[in-house]
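Notes for the one structure printed next.
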Amino acid sequence: MDQIYELFNKIKDKQPLVHHITNSVTINDCANATLALGGRPVMADSSNEAAEMAAQSSSLVINIGTLAEETVESMLKAGKAANEKGIPVIFDPVGVGATAFRSDSAKKILANVDCSIICGNMSEIRTLAGLPSSGQGVDSGDSMEGAEALAKKLASELKATIAITGAIDVVSDGEHTVRIQNGHPMLAKLTGTGCMTNSLIGVYAGTDNKPFEAAAAGILTMGLAGETAHQNLRANEGTGMFRVRLFDAFSTLTVEDLKKGARING
Amino acid sequence: MDQIYELFNKIKDKQPLVHHITNSVTINDCANATLALGGRPVMADSSNEAAEMAAQSSSLVINIGTLAEETVESMLKAGKAANEKGIPVIFDPVGVGATAFRSDSAKKILANVDCSIICGNMSEIRTLAGLPSSGQGVDSGDSMEGAEALAKKLASELKATIAITGAIDVVSDGEHTVRIQNGHPMLAKLTGTGCMTNSLIGVYAGTDNKPFEAAAAGILTMGLAGETAHQNLRANEGTGMFRVRLFDAFSTLTVEDLKKGARING
Amino acid sequence: MDQIYELFNKIKDKQPLVHHITNSVTINDCANATLALGGRPVMADSSNEAAEMAAQSSSLVINIGTLAEETVESMLKAGKAANEKGIPVIFDPVGVGATAFRSDSAKKILANVDCSIICGNMSEIRTLAGLPSSGQGVDSGDSMEGAEALAKKLASELKATIAITGAIDVVSDGEHTVRIQNGHPMLAKLTGTGCMTNSLIGVYAGTDNKPFEAAAAGILTMGLAGETAHQNLRANEGTGMFRVRLFDAFSTLTVEDLKKGARING
């Protein structure tokens, strides 16, 4: 995956502008993760300006973690504006399947916007694929069994890179499929690590429009940062300091760290 | 209060899904506090999905810290859905009394939703009880004098557990009343410690529907975590590191810590 | 600038209530920065209560980082209510010029509300002054060349204190102009440092209504806190710990620190 390392090295020059239309829970984390990796975040979710902001950005991240009717409209407008300009769109289908409103909104987005990358947990991706799922709230309730075949199939159907996050992450563009074994269980004890993964992917995709590599790079970066954050914890430290060390890792990771730490199987 | 310790021990198995309809200021803190204690947060405040999400949750936390007309509607819908299913509702009347809109919204919520637990500061609880209050913005301006009698009376009237937070916290269900003397003044220098207290209560109430014990347990957890966080500060550290240590404490507290540290008087 | 130090010393007694109508990205940071410096934050952005809350506050901070139609209405109502009571209004024109909606909203605000202080980056202030600007998203793309003359001119035109933040910050009320050379490049790697600067200014302006001194004091506080935060970083620490140390600094800075560290040229 030399292209991942090339992408990483290009961030500094490009400083991609990553437009987010995202949820109110983790919006600050998404902005700081984007900055820590070398991107520039911008968040504009009004339907009055979402398209105009998207059209001047390097990538667009759409996240349905907290939805409102106007936000869905903004996502559609911004997604279409991005598509017209060839700007990559990353879609995080948070909690899809949990409510009819989320499922309907996700369908509208997929029907109207060409997403370059869709990254979610197993329950979310199963729902998008029309399979039964056992998600609860925004958490996955399904095992990762069959994840590679599912990612590959959905990628071909949607002409997008599909990433399924879990203990082992899977990324497929329909032709190539990789498994990423980085990460740490404590990442599940922080809100927004899935959202931030999509922001990191947005930084990579906004640096160079290579969806498969960008998705793998974003997931690898989150996984390695989680490992580093955990290693740097001392006795009696918990999720408070883990979060601090996670952002420390985002902002200090080197390409050598990525090369040494990556556990990716093609 | 052995039942508090039993509740604490049950969290791990139950991993309660705690639905929040809450304010935009501290929503991330509420999610991370819920996770740190072992719950699973979900936040969905659109009137299109609030009820559907509440119906599948273990508890519902309603917080009026930042209100909008649609959010009030969502709170009513979600509250009714929770009531129908016997899911406990925790109500945090942030800043009630500061504006007519907040007071009217709180009245609507109380008139339409059976709240299991209402937890606020002295000015907020006085306002709900129809007493004059001296709150400013979201801060209390009233002394804790008469807090026990007030909590007891309002609990009987509303058939709910009433918790009044202050230097010494008071919890009453109308029959039993306790005073909790844990906590630290630095908690008042962080935004959202009241909101997070309600989230912690939501975790306990979602683990087992015992409102009185859940309210006491949530307040005790916040108080002890505040003490622990302060003890772990070094010279020149302030509210930044206090916040980190607070989440560390939420996520590393043991039942032995609770038993040893609790200063509860029945 | 002895008046800055006097302002600082008065915060503790006044504990100003700083009302914010601000963006969803950094709203939590703004609240915690306000608290750390000794103010009391309140955030109410519904048009149903924004004016009522503003009328009882010590200062009002308006920030257009994420706009919605209702929020603009709330800003206008709250701004007028503040003006009627002589409560200072601080305006942070985040990303103005990036979209027509932001520019139009800023124009409406300036046409209807007397702002005591306007604080933004060079691209934002150039846009407000009707000059061409090269901002991207919410970041400045313009050099600080001519900043002093621009601040002075716009201050006279708008009868407000104008602050332009950059590597060297400039503050002018049309008569007096200062340059502040405090700060650290890492501040640009965190989201919301501009927003928090306006909150700090809100604390000072709410303590005593001296716009020029309050603007300089807020910018100096942010700059010094940034320097302190950076000095306290250890090897391998990045933006995660920098953020923690920034809040530590807000909450532990003394008037002696300000006096010793200030690099202000009249």
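Keep in mind that glycine also has a Cβ here, set from the backbone N, Cα and C atoms.
Curation does not apply to TrEMBL; its annotations are automatic.
Here is what TrEMBL records for this protein:
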- C:M43, C:G192: substrate binding site (BINDING)
- C:C119, C:T165: ATP binding site (BINDING)
Candidates C:M43, C:C119: member of the binding-site residues with the richest Cβ shell (10 Å): C:C119
Subset of C:M43, C:C119, C:G192 (binding-site residues) with C-beta under 8 Å from chain B: C:M43
Chain-internal residues near C:G192 (substrate binding site), provided their CB is under 8 angstroms and they sit 6+ positions away: C:V25, C:T26, C:D29, C:C30
Three-class DSSP secondary structure - C:T165 (ATP binding site): strand
C-alpha spacing of C:M43 (substrate binding site) relative to C:C119 (ATP binding site), in angstrom: 19
Residue pair C:T165 (ATP binding site), C:M43 (substrate binding site) - Cα distance, angstrom, rounded: 24
Other C-beta atoms that fall within 10 angstroms of the C-beta of C:T165 (ATP binding site): 27
